[in-house]
Ligand code: S3P
């Protein structure tokens, strides 16, 4: 069950601590973890996964795949940590779930699973928490309806293509060629996953590249998938349907989106020199690190290698003086989840940081433009909100004042707001009070423990 749905809010004040030092490892990549479970559940035979993110969002995916027939189990810790074993049912053999699928806070679970259900002859109702129930599902309803699936909103629901929704899938579904109207890996993946059990060729045309984990992993599981890149960068992805997936052994690399909070914290806190091991650096995900380097951040890649078909390195991050920049909107899809913490870096930089092209941030777990504007202002930063971004005038390394006595940042059930403002607290005079830390467990359950460890490492003499 999702902690934010079942317990009382857990406020916390994050205050300046010692420098971040030593070596840490962040949990597995959320996007890859979701897909490991989904594809494992559709393969015939046993898939083994190490490094799986054991966050609430991924557990929502696991519970849903179990409800549709897969067996998914966590084996006790082995040499490389816990191993998850997934016995799949095979493409085309998902079972009708007996109860509504509770997606908790997870947009990725919802949209990708809608793709899977759409081309099976089963009916599933999707429900979620208050944050998820506000998020637009029209973007997947549109292509999946073209494939023949049928969506009905609950009479008591929010309407306008929002949860709760009941989806009646169809087999055989109709293969489509779909040009993405928004740069969204979730929409792309929903169509491709629906295409797995659809006769013929399903095509997705992607004018702006988004994270490509689905393409890499579908190929890894043995699906016939091709990607053509036109001279203008448009990608055409074609998948041959009625695929047979072969079980895989997967090692999930560390999540760059989780590493991001520690990278920014180490850049901001004087004296920090931190190594974050095993960080996924897929180019469709890693743009934040380039932007921070352009701002003057010292971020070194050590031991670049391949883990589970993804580029990975250890990142050594040292405290740095940052300078504001205008962020090129072309990089937005490759760091779409990292803007909240980039805003925190910008608030401590010298000069102005200008971000544009961030409309998609308004439909994440919260409206991340408005919510971060309010949060940073409460902590004493100088921020201006525009229709598609924030303009931030940084302090030039002076700590932020912090949130006033009796006031707390509103996180709106958004894990990345909570973690970003925790990082702001480390770089503040009086600390930053966050109204609720429970949402952190959706993507990064060990965040607070790791933060305590990294800031204590020096005092303890640990390297
Ligand atoms: C994700 C895609 C992104 C991202 C989300 C995970 C995925 O969403 O924000 O955290 O795993 O495909 P959009 O596709 O809505 O941009």
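Each residue, glycine too, has its Cβ placed from N, Cα and C.
Feature annotation from TrEMBL assigns domain 'Enolpyruvate transferase' to 17-449.
Marked as 3-phosphoshikimate binding site by TrEMBL: 30, 31, 35, 184, 186, 337, 364. Classification of residue 337 (3-phosphoshikimate binding site) by DSSP places it in coil, neither helical nor stranded.
According to TrEMBL, the phosphoenolpyruvate binding site annotation covers 30, 107, 135, 186, 368, 416. Residues within less than 8 Å, Cβ to Cβ, of residue 368 (phosphoenolpyruvate binding site) and separated from it by at least 6 positions along the same chain comprise 339, 340, 358, 361, 362, 414, 416, 417.
Using a 10 Å radius centred on the Cβ of residue 337 (3-phosphoshikimate binding site) and all shown protein chains, the other Cβ atoms total 23. Per TrEMBL, the feature active site, proton acceptor maps to 337.
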Just name the winner among 135, 416 (the binding-site residues) by count of other CB atoms within 10 A of its CB.
416
Could you measure between residue 35 (3-phosphoshikimate binding site) and residue 135 (phosphoenolpyruvate binding site) for me? Cα positions, answer in whole angstrom.
21
Among the binding-site residues 30, 35, 364, which residue has its Cβ surrounded by the fewest other Cβ atoms within 10 Å?
364
Tell me which binding-site residues (35, 184, 186, 337, 368) have a Cβ under 6 A from ligand 1; sequence order is fine.
184, 186, 337
Widest Cα span across the 3-phosphoshikimate binders 30, 31, 35, 184, 186, 337, 364, in Å?
19
